[in-house]
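Below is one structure; the comments refer to it alone.
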Ligand SMILES: Nc1nc2c(ncn2[C@@H]2O[C@H](COP(=O)(O)OP(=O)(O)OP(=O)(O)O)[C@@H](O)[C@H]2O)c(=O)[nH]1
Ligand SMILES: [Zn+2]
């Protein structure tokens, strides 16, 4: 699967909305620096929400392989960028995904593709974590899946409560992770404790 951004033709419908937004600041829409901005911004928004235009079949591309390994597989430090559904401001961080295979394993890159497919929508972090976990369970039929996400929210940093150091950890667990404390602890011990800076 290629990494070509999905810019759907309907991005053009948002150009006028961006014009109005800029106009509302009192800016001169005709000054050279702003002439192309409404179209650029509409394209950027289309990219940042491209997850609405992706299908799981396309993203996974049948990369589910037979395997006898039933032990923890942990894919960690998957960077993601999303938009909070309350302010449409970015939140970004890393996802760590652990799962216990049950006859099949998923192509490693597909964990990151699945994270991106759901991150590039209007989200709250807790739901994003759950959607990723549920999808991995559905696609692999695994024994259990655990997702941890550590993120910084721009709506808490550049406005509102204005906290620069606060990060948020969300967790989603399914299958054996719901009741097997040993498996849970093995996963949580292996996961990086802090969100890397980027
Ligand atoms: N649980 C959760 N809350 C989020 C997320 N992203 C943003 N929020 C919060 O959504 C809440 C919206 O609260 P409101 O009081 O309706 O909006 P607001 O007046 O802009 O809130 P402040 O950010 O406190 O200024 C805020 O507390 C945000 O921090 C998220 O991913 N998960
Ligand atoms: Zn927000």
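Backbone N, Cα and C atoms are what each Cβ position is placed from, and that goes for glycine too.
Listed in TrEMBL:
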type	residues	note
BINDING	84, 87, 155	Zn(2+) binding site
DOMAIN	17-190	domain 'GTP cyclohydrolase I'
Averaged pLDDT score, the domain 'GTP cyclohydrolase I' (17-190)
98
Taking all protein chains shown into account, the Cβ-based neighbour count within 10 Å for residue 87 (Zn(2+) binding site) is 16
Which residues does residue 84 (Zn(2+) binding site) neighbour through Cβ under 8 Å, counting only same-chain ones at least six apart?
90, 91, 122, 123, 124, 125, 153, 154, 155
CB contacts for residue 155 (Zn(2+) binding site) [other CB atoms within 10 A, all chains]:
16
